[in-house]
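Asker: Below: one structure in structure tokens.
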Amino acid sequence: MLGVCYYPEHWPEEYWARDARRMHALGLSYVRIGEFAWGRIEKSEGVFDWAWMDRAIETLGAAGLKVVLGTPTATPPKWLCAKYPDILPVDIQTGQVRGFGSRRHYDFSSETYLRQAESITAAMAERYGQHPHVVGWQTDNELCCHDTTMSASPAALEKFRAYCAKRYGNIETLNAAWGNVFWSMEYDGFDQIDLPFFTVCETNPAHRLAYRRFASEQVVHFHDVMISAIRRHAGPEQWVTHNIIPPATTGIDNVALTQALDFVSYDNYPLGFSDQLMATASAEEWRPFMRTGHPDLAALNFDSVRGLSKGAWWVMEQQPGPVNWAPHNPRPAPGMVRHWTLQAFAHGAACVAYFRWRQVPFAQEQMHAGLLRPDDMPATAWAEVEQVAAEMQLLGDVSAVAPKASVAILIDPVSGWVDDIERQGAGYRYDAVLFQYYCVLRSLGVDVDFVSAGEARLDSYKLIIVPTLAVVDDAAFDTLRASEGLLLFGPRSGAKTAEFSISEGLPPGRLREFVPIKVTSVETLRPDCNGTITYKNEVHESGRWRETIEVGAVDVIATYEDDAPAAVRSGRSLYLATLTDDAFIKNLLVDLCAEAGVAITPLPPTLRLRRRGDLTFAFNLADSAVNAPAPNGAVFIIGGAEIEPFGVAVWR
Amino acid sequence: MLGVCYYPEHWPEEYWARDARRMHALGLSYVRIGEFAWGRIEKSEGVFDWAWMDRAIETLGAAGLKVVLGTPTATPPKWLCAKYPDILPVDIQTGQVRGFGSRRHYDFSSETYLRQAESITAAMAERYGQHPHVVGWQTDNELCCHDTTMSASPAALEKFRAYCAKRYGNIETLNAAWGNVFWSMEYDGFDQIDLPFFTVCETNPAHRLAYRRFASEQVVHFHDVMISAIRRHAGPEQWVTHNIIPPATTGIDNVALTQALDFVSYDNYPLGFSDQLMATASAEEWRPFMRTGHPDLAALNFDSVRGLSKGAWWVMEQQPGPVNWAPHNPRPAPGMVRHWTLQAFAHGAACVAYFRWRQVPFAQEQMHAGLLRPDDMPATAWAEVEQVAAEMQLLGDVSAVAPKASVAILIDPVSGWVDDIERQGAGYRYDAVLFQYYCVLRSLGVDVDFVSAGEARLDSYKLIIVPTLAVVDDAAFDTLRASEGLLLFGPRSGAKTAEFSISEGLPPGRLREFVPIKVTSVETLRPDCNGTITYKNEVHESGRWRETIEVGAVDVIATYEDDAPAAVRSGRSLYLATLTDDAFIKNLLVDLCAEAGVAITPLPPTLRLRRRGDLTFAFNLADSAVNAPAPNGAVFIIGGAEIEPFGVAVWR
Amino acid sequence: MLGVCYYPEHWPEEYWARDARRMHALGLSYVRIGEFAWGRIEKSEGVFDWAWMDRAIETLGAAGLKVVLGTPTATPPKWLCAKYPDILPVDIQTGQVRGFGSRRHYDFSSETYLRQAESITAAMAERYGQHPHVVGWQTDNELCCHDTTMSASPAALEKFRAYCAKRYGNIETLNAAWGNVFWSMEYDGFDQIDLPFFTVCETNPAHRLAYRRFASEQVVHFHDVMISAIRRHAGPEQWVTHNIIPPATTGIDNVALTQALDFVSYDNYPLGFSDQLMATASAEEWRPFMRTGHPDLAALNFDSVRGLSKGAWWVMEQQPGPVNWAPHNPRPAPGMVRHWTLQAFAHGAACVAYFRWRQVPFAQEQMHAGLLRPDDMPATAWAEVEQVAAEMQLLGDVSAVAPKASVAILIDPVSGWVDDIERQGAGYRYDAVLFQYYCVLRSLGVDVDFVSAGEARLDSYKLIIVPTLAVVDDAAFDTLRASEGLLLFGPRSGAKTAEFSISEGLPPGRLREFVPIKVTSVETLRPDCNGTITYKNEVHESGRWRETIEVGAVDVIATYEDDAPAAVRSGRSLYLATLTDDAFIKNLLVDLCAEAGVAITPLPPTLRLRRRGDLTFAFNLADSAVNAPAPNGAVFIIGGAEIEPFGVAVWR
Ligand SMILES: [Zn+2]
Ligand SMILES: [Zn+2]
Ligand SMILES: [Zn+2]
């Protein structure tokens, strides 16, 4: 299904009915409204104006549209900030209060804000929880965006102390857990603990990890209260979702954040995100993708979000043209809006909603495209949406959860925190390590699932890649043990205890049950100053992060330039002790896929495949036509054997 | 005429008479004093010591020099800051008070400071307003330098609220004008409005534009009060000027700033400004100009200042050797001080005053050269000043306003603010866009005037270039309509309303009267990832900022790689929808000059021409001799047919 | 002798005896303990727990180890910070308090902290000042590390005002000395003086120089109080040292800091420091040294520390493997721990102590290697220490102060401050200028002493290099005059008075007694845009900092591209007026060494020589063997005629 984001409060009321009719005529089924409208709903504390929203919903519903209601807690109005200034967050770099005037200006630890936000959310749910046109809810908007997960506010300090008291019970336990004897950092009581900011040099990593866990829990708790406020009043047929930003950028535990949702939504801006991701790429690397986005970035986020979602996931905001917020904002190549839409469905989406109906001529996002131009004429994307709306019929029902893949990548928020907290090598980034495996697999035509560490669903995968899993808790350990596929661990796996110490008996700690080795030393190198790794007589680059390992009963499958072991295997488990170039990863994964019985289809950088059920989708990112890698006898549902530039083919 | 900046308070009184005699003997006519001397004049509030200044003026005047008095408001003394700490500005990045210890430590919105500054200015004018040796006044010094236009002070906040109340009348009007319904940013009253700093993400561009207008008006108001304080007491024969920094760097409306002045002065530091401008240029690009400055930068500022000035403009401070404040501070190439002096006259200056008489051995600027070294011996520039003083006789009277050129570039402070506020593409800078046209015209040997949007004096120009004019107010519109030359609009022209919304009916809004097109979409690209523009079968680069346009009854004169229109023409008006390389601009301007009857003389990068009345000046920036591009029969006033390295020729 | 740093408080008490036995068995003589243990010693104000430390010392001593006691003032415990928050320093960039949670969170100007620190130091000295196992003391730890020399605290402000009152006597003297008449910066009283931070543009350099002197004196005073507190109680056979960071990075007067010590210690981390030093080097430049460190960086610091030390100096912390704090942290090449150890002895060390015994698995430095791994097994360095412990026997007694070299480089903290304060050219750094001379001399196989300006011990040197000596005080002047060797002054020598004015009669001021010249102008250039210097018909690069000089009765020995003098000589004194490339420096020094009778041995970049008494050490930094440049008949004490990769040879 298709949908669109709409802001009736931005437009004269006389536009509404025509807008609604045109939406329906275009083939859109859903319309999201309301998520920044607090100021128009609650004019001052407890004084509500529902009339305009009643009329808006009625008008949209009357045109045959299903309404998704956003709760407006991302933008507390000025009267609220003025009355309760303690709701504002505090910048962790500068210590300055982050004030009113944009959005997300609230502190997840503020009890005052929690009550106010719960109140407006509940009020909305009470009013529309039984409304026949309202099919579901979106909580808040893009939680954690604009670096709002962490705050140095007094509220955060107070709650963090309480969090520590609860987690550790007594201060001696905390001191021991964190190793505070180091540098005389021991506390006499929980009321002495500060937030880990504004110190002379780096704070205890255990202190920071505790704060990161706390900050994540603050967001999750806030969100859970909002979900509950909705569910208290909403009918059982109304679902609840949230539109998350790229999961790797929230800095929190996304599984916890989304667990109480019916399904997860994602806001998909391939060009803006790619411009940021490839900011340091050369012109030669960037030019082919500046109007399509990096070939694997949207897919990465699609697969990540699918991995978080109980029900079939949504794209809640789909980029329809140039955006306004990246350093550079190209227009999409012709056909890319359709391409991205079909790509989302290929990766398991149930609905793609475009952001936004009509480009608004005022305020912060006036340079962000919509389906309609500010002069109410169709923008470039309009015709592509028309086309894809028709093609949706060919795809059939997409509301069901997509089947599992054969290959899983295990992900884990704690590994991201560990990387943030203990840099050790400027060339190491957890996200980049994970992305490298993903890109290689995608270039081999392999479908990938992301599974969060500790989720009990690794059983059916033939190949499980653990790019790194710094902290292995019981749940993750049990799940790994219960899995049956080939298991590939990357460097830094099992490196740390839950309280950010080096694992007992050296890394990989309890993962030694899988691979009997000890990481005796780690070195980090400049990205342009590598050593080598030799695998089956081919020499590749090994660099950035390199571990020296002592091995027990394992097969050494790759070696460093000094013949020391660089990758080892024990039964179905492998441990790779270094970061490498793409070619090494590809060679290794080709072999592992063959062994595991995972079919591969090596692809050029501008062609990608994705299966959903019995459909195979092929996506051409090149500005020239390409032959679809379809088997003989394939029945084309969309497109044909030659895929046009930026085009898509789907066959059965 | 020539002059010099002098600080009698820096030197023993016994130096003064000899200094004055040497100035006069060197051929200097004017001497500027006083502009940082507040602490020596007003020792504590209301307690004045005029005696030393009386003697200094008398001594200088007695030697035949005309005295220009600087009012000392750029450096409020410590007793004032200690007594009235509310005069200090607040940093808009950090929120910290910017304290005493350097200069410009005052807030343009402080009523306290306004009264104090008016008082010292009036007192000085009262004392010297009829003094026979005092011929004129310089207000303050380099207003807005060191990023002082904007402040996050309580005084600025209070005044900004009052400004908004006055501009918008009631809060509903402001909310509507800014589009505050977006993100629930509506205010209930003017006392809720904050300064647009320290928020979570970007503030409303309309909010920022209002603040920029306000900040500009604060500076102008302060300045006008100072000018009035002088004029209240000064005789009618005493003129008032101000020494502005490069107009593009004040961040304010320079027309408003300078309108009450008799003429405008400029502080000319070609090497320091060029080092900053070309900081990222390659060594190959920079080396030829490191001791001459960029070939068009000083000229740009000269022409800009001439455009602002009612009377013939001055150079109030001319770099005489290495300065102390740029990242790198080379010595000028031999002859460049003379070269820059004659260049100023070519561009219409009435006087060039050197900064400064003698290099002072102490405090902040001790590494900044003067005409004399700290040991009182002539510095390198001395002999060049001697030479140019003699050559001034050959030039004749330069006190009249220079004649108008045939080509005008239209400039506009609001376009600069729009660019600062709404980046959209990291490769777009209003100043750079404007500078590109200017450099191309200068490389064609064309003289250029800068005309501020809305000034009613476009009538006589044969070619008018509007690099961009984001907001077209009534005055600008009427002036453009009244013009008769060829009109070339660059991209983003007519893009915004006065309240920073997208223009009605899409850009270029009311400029559609000139060119019937609609800008339906804008894309911004990385500077190294361009598309193309084809003009008369030649392919050039189109990049950074590219507009998609729908065209009415126009001629398409250039196209993008997809054959879409990139530049169009309607009657005498052209619209260029993209930024391009220099070669395209050159080709286009060559054709437009030919059509308009503007003579061109293509020049190498190291040679520049400028006419003033019946004189033609040629400036050689190369370290080798060059033939003067003079017509047969030219009568050389200065130099001859072969121009020496770094030399100048002037012919009639 | 060899030693190790140990933290008994980090480990279960049952480890201690075995640890001590293994230390002794490995060949270690000294063990440093205690320097971060304040929290475990003083549990709350005045409540001490000595028992554990008594037992630790006893256990270590019983195993035959000599104990070095670190006083724990680098890490005030939380109870102290909570009770006396005025002890915390304030960041000079942001104005924020730098809080508890890491280390060095104290203000050198805090009287409260001074008393508290003196009290814990005295208490420790009282308890262990006569202890038979305690042989000496280390004060605090790495003073000034983490940019802690300067603070913007209220305590610093109050003390700075008092410092100014004492230095200048009355405010008129200060105003005159600083040249405060410039920009109306004159004060009416000392209570008006601010710290030179948070102003609109740059503050008076004289103001900043006074602050730098003050800040240096604050650290020295703090340190002297600590030393006195120890000496009051410690027996005369117990020595006192301090482990300084690289002397160029403290930002203070290291001679003053270390004068009251028996000898100076140094913390040697060649890889981390080299990664920082060469951060912008190309991969080709960096790769050969990424696992050895820059060939001359450790030596530079060794020679600097030897120059500061009365007794034979120590390495108190020697890197034993990868560290955790540089942007990249490679492992040392095989053999480098031994190599660095022998290198320290070659440069005059009496002891090398490794940091640290066992890698601790928790807190901030868990990724910093030790001699033992966290699992108690020998780390890579262990075997190298075993080897070097055996080799120590061959070297003989190293406890005596090393003999003087023939060549001295004169260094001076004020020159560093001048450079920090008055940039003038972004390509000029005092430390880099000095390092260039040092590297060239070392590449010629020449041993170098560093002598601090003003120390009366230049007499015996054959060649004295003064890279720059911005301020020449009486002591430095007298010492230079009393010297007899060739004297080479670099640019900016004699440039400033003690109060940061240009020297009387122009630079080099009083150094004109040595070289009768005047520096009439200075230019600074981009590092990639050089001019030339011609010496003996060879053309080299002259750049970054170039002085124009007027010469008296001198020989011009090198010239600029315009034939102006670039280097001159008068008797035994030379003045070089520009920075140059290495090749010029080498050519000049080869000639000067020949004239002075200093033997040279030109070396490749990966080979270095150093003599200590009758021993010659050769250090091979290459990964291939090299022939030792030993004379016929050399008797090898360690190694032989072919030096293995990363190896060392010593001969007599
Ligand atoms: Zn969004
Ligand atoms: Zn100036
Ligand atoms: Zn250390």
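Note: Cβ is positioned from N, Cα and C throughout, glycine not excepted.
Not my notes, these are from TrEMBL:
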- C:Glu142: active site, proton donor (ACT_SITE)
- C:Glu317: active site, nucleophile (ACT_SITE)
- C:Arg103, C:Asn141, C:Trp325: substrate binding site (BINDING)
- C:5-393: domain 'Glycoside hydrolase family 42 N-terminal' (DOMAIN)
- C:405-598: domain 'Beta-galactosidase trimerisation' (DOMAIN)
- C:607-652: domain 'Beta-galactosidase C-terminal' (DOMAIN)
Asker: By a 10 A CB contact count over all chains shown, which of the active-site residues listed here is most packed: C:Glu142, C:Glu317?
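Answerer: It comes out as C:Glu317.
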Asker: Rounded to the nearest angstrom, how far is the Cα of the residue listed as 'active site, nucleophile' from the Cα of C:Asn141 (substrate binding site)?
Answerer: 11
Asker: In whole Å, could you give the widest CA to CA gap in the substrate site formed by C:Arg103, C:Asn141, C:Trp325?
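Answerer: The substrate-binding residues span at most 17 Å between Cα atoms.
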Asker: So if I measure Cβ to Cβ from C:Trp325 (substrate binding site) and keep only same-chain residues at least 6 apart in sequence, which ones fall under 8 Å?
Answerer: C:Gly272, C:His368
Asker: List the Cα distance (Å, whole number) between C:Glu317 (active site, nucleophile) and C:Arg103 (substrate binding site).
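Answerer: Between the alpha carbons of C:Glu317 (active site, nucleophile) and C:Arg103 (substrate binding site) there are 17 Å.
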Asker: If I restrict to non-local contacts, at least six residues apart, and a C-beta distance under 8 angstroms, what lies near C:Arg103 (substrate binding site) in its own chain?
Answerer: C:Phe36, C:Ala74, C:Thr75, C:Asn141, C:His146
Asker: Summarise the domain 'Beta-galactosidase C-terminal' (C:607-652) as counts of helix, strand and coil residues per DSSP.
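Answerer: Per-class counts: 0 helix, 23 strand, 23 coil.
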Asker: Out of C:Asn141, C:Glu142, C:Glu317, which recorded positions come under 8 Å of chain A, measuring Cβ to Cβ?
Answerer: none
Asker: If you run the three-state DSSP split on the residue listed as 'active site, nucleophile', which class comes out?
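Answerer: The three-state answer is strand.
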Asker: Which state, by DSSP, holds C:Trp325 (substrate binding site): helix, strand or coil?
Answerer: coil
Asker: Take the domain 'Beta-galactosidase C-terminal' (C:607-652) and average the pLDDT across it for me.
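Answerer: Summarising the domain 'Beta-galactosidase C-terminal' (C:607-652) by its mean pLDDT gives 97.
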Asker: Across all chains shown, how many C-beta atoms besides its own are within 10 angstroms of the C-beta of C:Asn141 (substrate binding site)?
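Answerer: Around C:Asn141 (substrate binding site), other Cβ atoms within 10 Å: 24.
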